[in-house]
Amino acid sequence: MCNCSSESTYRRLVDYGKTYLLRLINAVMNVEMFFAIAQHNLTVVGMDGAYIKPIVTSYIMISPGQTMDILVTTNASLGHYYMAFRQYDNVDQNGNINKVNATAILMYRGNYTPPASPSFPDTLPSYEDFGAAIWFTKRIRSLASKDHPVNVPKNITTRMFITSTMNAIVYPDNISNLACALNNVSWLDPSVDVLLAYYRNLSGYYTTDFPDQPPTYFNFTGPDVESNVITSKGTRVKELNYGEHVEIVFQGTTVYLSPEDHPIHIHGHSFYVVGSGLGNFDHISDPHGFNLVDPPELNTVAIPKKGWVAVRFSATNPGVWFLHCHIEKHLSWGMNFVFIVKNGATPETSIREPPPNMPSCTGSSFAARLQEFNHSTEKANHLIMI
């Protein structure tokens with residue numbers, strides 16, 4: 001694991017001719033990263049815990065929260081080689097970015113004269129190489145073999161089209177501030193978490209009306225998008241019946257003239273990335289190009305700058321699950337919402353009951369919340385916006 005925050009003096013000794021497994025986690029909160037090893041190819045074989053068709057490449061691009069399993073064969077000349085991370089700037093910051101490369105050194109064992117300085121990877125893309133990022137992500141495919149089958153939902157029961165925006169929110173005192181939103185809703189943390197409120201029938205902490213569509217349609221990625229799009233705060237969730245087949249198209253926008261990638265992460269479910277593209281999603285033509293044969297199965301995917309990405313999954317994990325942008329400041333500004341997947345018809349398809357030896361809380365305020373939940377009926381009369 002590399003948190004890629006600064007220059008590094010970490011050294012890794014390797015033997016010539018061996019193949020090593022390198023597991024990468026992008027633990028940087030707010031940026032995507034390029035990675036390369038000087039004079040070595042990388043073979044990416046897994047992402048987010050699932051196998052993919054091997055990708056032989058001289059570099060990778062990894063989004064915040066993503067994981068990759070990479071094979072590296074040490075077949076270069078005996079010497080020292082930099083392993084280097086570099087920030088991928090997709091935000092049009094006019095060069096005003098952190099240009100420190102996070103590095104470690106791959107050192108071969110053996111008898112040779114050490115170089116004055118390790119070789120630096122000349123295949124590492126530049127900070128603003130948008131094409132290199134798109135080219136890498138387009139190559140990702142599931143293994144889709146007999147031993148590793150894919151199960152892409154075909155009969156979709158819930159379709160959502162979700163726009164990601166950086167926009168303004170106006171408070172009652174007429175002061176506006178920057179906010180992030182999905183479908184023009186900026187997430188508001190409730191005073192009682194949604195999981196507790198849902199499973200203990202507590203009213204008043206959230207509503208079940210997160211919209212399946214944005215409030216208005218316009219040229220989402222055009223140059224003349226209104227910069228004064230106003231959003232609203234709310235604790236609005238989306239309920240799904242157990243077993244529903246869900247398709248979500250995430251659409252990037254140029255609201256506030258700040259287009260950038262948004263790495264979206266869903267808790268509790270992996271999903272198949274069935275399509276992506278630049279510009280506005282075309283609801284008629286673009287679905288014809290979806291990959292339903294070998295799409296990658298991930299839990300984090302980046303909405304491309306000025307583009308869209310489509311995912312599908314089956315809601316077979318009952319519970320309360322957070323969906324959010326993995327860029328920390330966007331998460332804290334409201335680019336999130338919650339899925340509630342209802343219980344299925346059997347104990348195996350329902351959330352587990354608390355263990356019988358679970359300690360009881362004697363505090364009156366907390367104990368009042370832990371009223372019994374009647375599993376014979378799902379939520380009935382929710383709730384008021386706070």
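Residue 1 is the first one shown; counting continues down the chain.
Glycine too: its Cβ is placed from the backbone N, Cα and C atoms.
Taken from TrEMBL as is:
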- 8-111: domain 'Plastocyanin-like' (DOMAIN)
- 209-344: domain 'Plastocyanin-like' (DOMAIN)
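Over the domain 'Plastocyanin-like' (8-111) the predicted model carries a mean pLDDT of 91. Sorting each residue of the domain 'Plastocyanin-like' (209-344) by its DSSP state yields 12 helix, 58 strand, 66 coil.
For the domain 'Plastocyanin-like' (8-111), residue counts in helix, strand and coil come to 0 helix, 59 strand, 45 coil, using DSSP.
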